[in-house]
Amino acid sequence: MKIYLVGGAVRDALLEQPAGDRDWVVVGADQAQMEAQGFKPVGKDFPVFLHPRSGEEYALARTERKSGRGYRGFVVDADPSVTLEEDLLRRDFTINAIARDEDTGQLFDPYNGVRDLQARVLRHVGPAFIEDPVRVLRAARFMARLAPLGFSLAAETAALMRDMAAGGELDSLVPERVWQELRRALSCAQPSAFLRTLHDADALRVILPEVDALYGVPQRADFHPEVDTGIHQEMVSDIAARLAPGDALVGFAALTHDLGKALTPQAQWPRHVMHEQRGVAPLQALCERLKVPQDFRQLAIIACREHLNVHRLAELRDRTLHELLVRCDAFRRPERIAQLALVCEADKRGRLGSEEAAYPQGEALKRLHAAALAINARDLAAEGLQGPQIGEALTKARIAAIAAARNTGA
């Protein structure tokens, strides 16, 4: 029995990046031997065990043979005769197919993953890459993480991804897995690389057709020097990742705030009147299809519907601003206003030449919300008001607080 550290922990150590969970592969053992040493079996589709002390996952070396369509259609062989090289061959990318001997620290790199790390190239291990459609998503997600480190996608890997998209292999992706990879990509430093990688492979139209439809739609060059709405969206996503690192909630709202521009009649281009209202329907459809969690849906719909109002905050009447806060449920969910401000700032700065622009509307929105939030129903009830009187007085007092905060700049 030999034990090796594999996958992301080895890769990240070589990149001198923070490592996440450690994964181990065991060569030359079977389930009975693992259990005899105290390992607890937990795998359903293939033999995976938890270490009796560390709780880390240890998997028996295995091969996988394609037996059907999609990412579940595999026959697994975890016989003790399976070699380390055979186990590494089934992995997706060369940089993830490096193993380190637990005892000696020696690296095993049969597919030149170290060379690709040094060259900053994301490359598939072998032809079996095309057998699992999830690997297209993983390639895009890894690019979102690694592009800031200078990585590019190998041309032959990009070609395989295009073949998979053209062949309909991506149709078998389940919504939960698409959402899982999208959410992780939105937590990375450069989400635009996720979008661009999928778009270039003609896979975005299958995975996120509502976002793919933005590419090629022109905007007014005086407001958007980048012109193409798809490019604008890439820039917004990257700015959002800078403003709120690792925050997929803000990232998803930023990603979907402009979906309505894809529905603007071509005769109206490059203007997009009412796009903030048109965008709600495709956003809801996307959320239903991918089974997006409610907190993500709600913030995204708010950002889609309200971002233009926040941009023109100074023009809004006090009562109109209060109505915006109510639509955001900002008195019960006050955190939404800071999140909305981040999305709107990303939208404003996600334009060529505006990447470092100031966005005073964000701080103003938070300040005015805080003033209104300081007024509460308990204080009014203490004054003897009851029932509907409290609601009416609360609205009036909050609007007055917004007006006072505007006048004093407090």
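Glycine is no exception: its Cβ is also placed from the backbone N, Cα and C atoms.
According to Swiss-Prot:
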{"type": "BINDING", "residues": "Gly8, Arg11, Arg91, Arg138, Arg141", "note": "ATP binding site"}
{"type": "BINDING", "residues": "Gly8, Arg11, Arg91, Arg138, Arg141", "note": "CTP binding site"}
{"type": "BINDING", "residues": "Asp21, Asp23", "note": "Mg(2+) binding site"}
{"type": "DOMAIN", "residues": "229-347", "note": "domain 'HD'"}
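Here the features listed in Swiss-Prot are placed on the structure.
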residue: Gly8; record: ATP binding site; CB count, 10 Å: 18
residue: Arg11; record: ATP binding site; CB count, 10 Å: 22
residue: Asp21; record: Mg(2+) binding site; CB count, 10 Å: 9
residue: Asp23; record: Mg(2+) binding site; CB count, 10 Å: 18
residue: Arg91; record: ATP binding site; CB count, 10 Å: 22
residue: Arg138; record: ATP binding site; CB count, 10 Å: 19
residue: Arg141; record: ATP binding site; CB count, 10 Å: 25
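Taking the Cα atom of each, Asp21 (Mg(2+) binding site) and Arg141 (ATP binding site) are about 17 angstrom apart. The full span of the recorded ATP binding residues, Gly8, Arg11, Arg91, Arg138, Arg141, taken as their largest Cα to Cα distance, is 16 Å. Arg138 (ATP binding site) sits 17 Å from Asp23 (Mg(2+) binding site), taking the Cα positions as reference.
Summary of the ATP site environment: with the site residues Gly8, Arg11, Arg91, Arg138, Arg141 set aside, the chain residues having Cβ atoms within 8 Å of the Cβ mean position are Gly7, Asp92, Phe93, Ile95, Asn96, Phe142.
DSSP assigns Arg11 (ATP binding site) to a helix.
Calculated from their C-alpha atoms, the gap between Asp23 (Mg(2+) binding site) and Gly8 (ATP binding site) amounts to 8 Å. Secondary structure of the domain 'HD' (229-347), assigned with DSSP and counted as helix (H, G, I), strand (E, B) and coil, comes to 91 helix, 0 strand, 28 coil.
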